[in-house]
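K.L.:
Structure below; questions to follow.
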Amino acid sequence: MAIEFNMIQTIGFAVLLLVVGRWLRNNVAFFERFAIPAPVIGGFLFALFNLVFKLTGWVDITFDTTLQGFFMTMFFTTVGFGASVALLGKAGKMVTRFLLVASVLVVLQNLLAVLLAPIVDIPSALALMTGSVSMTGGHGVSGGMAPLVEAQGVERAETVAYTAATFGLLMGSLIGGPVGDRLIKRNRLQSSGTRNVDVDDSLLTAYRRDLRSDQVMQAFIVILIAMFIGTYITDGINWIISQFTDKAAFPNYLGAMLVGILFRYISDTRNQRQYHEFVPTQEVEIIGSVALALFLAQALMTIKLWELADLAIPLVILLIAQTVLMLLFARFVTFRAMGSDYDAAVLSAGHCGFGMGATPNGVANMESVVQKYSPSRLAFFVLPIVGGMFIDFVNILVVTVFLNVL
């Protein structure tokens, strides 16, 4: 039996899976413990059912994922709006230092994947899906980059990326707390309050105001305009690149991200009254969260798990290697680069979570450490800014370079 979903039916079905995922996350401690997003839960659950359908031949389901690309571009556009140059300047040197540390990990994750590719006998571009695409990038960047890789003829890139990202969420949450705990005990660290560094308390908590329809509309306006202009920017950049080589190209949403950064910079430098912001960041953030959920639900429910049959052993080797890299990097690089003190130990625990999954996992790791010992304002200030605002942009650029030199 064959079932075909049109565009409207596909997005509607994705929303149903999102609802199922939200219910499971709220009622199953395992999902809450590992901070697994609702669209990942619902989408992956259906992918498992679809695997059974495929293997038994009961039903063949086809989806029209036209809107997946739209919501993906919308999400990455909001990532651009979140990258505030003004905020980075105010945040202080510790944020900049941690961004550099996280960027080094991004490069190393990709180098490891590429170097192991010939050993496990799979294409380098496919192995790269287990690098920073799925580790530091999580499901969001996986959904943005993997389809581009498949479009270049690398089969099963999406399935590998999403599977690796799900593994990263779990493993990053498992290793983070023990890493921080061991660093604190081994070095006999104690919290002496936040270090004497430039920390602007106003950046630690975001002011929330009442939502208004005109500001929601303004958020949609700036996002969609950025998407519109961004497509031409990406086309222009890729045209220039094509004059020199046909092996390099940037993803379609890169231009929209750049326009988003520009719009946010313009908004930050203007003296704006409340409810009259050029870029209403609160509404943009909400729209980005909705777009990510809808894009991920569609992406996860359409992955073809049966494609992993002959990739099981190579994938396990690659993912174990990434886990070892994260452990060693957090212990010997993150900890030392961030000061080798209590705050650095807490940040190392957080880096395991966000370096192998997502920012919420990193925050959850840090919470598990400080609950046992003592608070670390610096760690909870630095990691969310880097993980939530800047690292995705760096990651996409680095991955694009790797893909185009393979």
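Placed from the backbone N, Cα and C atoms, the Cβ positions cover glycine too.
Annotations per TrEMBL:
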TRANSMEM  6-24  transmembrane segment
TRANSMEM  36-55  transmembrane segment
TRANSMEM  67-89  transmembrane segment
TRANSMEM  98-120  transmembrane segment
TRANSMEM  160-180  transmembrane segment
TRANSMEM  219-242  transmembrane segment
TRANSMEM  248-266  transmembrane segment
TRANSMEM  286-306  transmembrane segment
TRANSMEM  312-330  transmembrane segment
TRANSMEM  378-403  transmembrane segment
K.L.:
Considering only Cβ pairs within less than 8 angstroms, which of the stretches 6-24, 67-89, 312-330 has the most against the transmembrane segment (378-403)?
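P.N.:
Out of the listed stretches, 67-89 contacts the transmembrane segment (378-403) most.
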K.L.:
In terms of Cβ proximity under 8 Å, which residues at least six beyond the ends of the transmembrane segment (6-24) contact it?
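P.N.:
Here the qualifying positions are 31, 37-43, 45-46, 63-67, 293-294, 297-298, 301.
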K.L.:
Under 8 Å between C-beta atoms and at least six residues away from its ends: which parts of the chain pack against the transmembrane segment (219-242)?
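P.N.:
Same-chain contacts beyond the ends: 73-74, 77-78, 80-81, 248-260, 263, 278-280, 283-284, 286-287.
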K.L.:
Under 8 Å between C-beta atoms and at least six residues away from its ends: which parts of the chain pack against the transmembrane segment (248-266)?
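P.N.:
The answer is 72-73, 76-86, 144-145, 148, 222-223, 225-227, 229-238, 241-242, 278-279, 281, 393, 396, 400, 404.
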K.L.:
Using Cβ atoms only, state whether the transmembrane segment (67-89) and the transmembrane segment (312-330) have three or more pairs under 8 Å that are 6 or more apart in sequence.
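P.N.:
The answer is no, given that the two segments have fewer than 3 Cβ pairs within the 8 Å cut-off.
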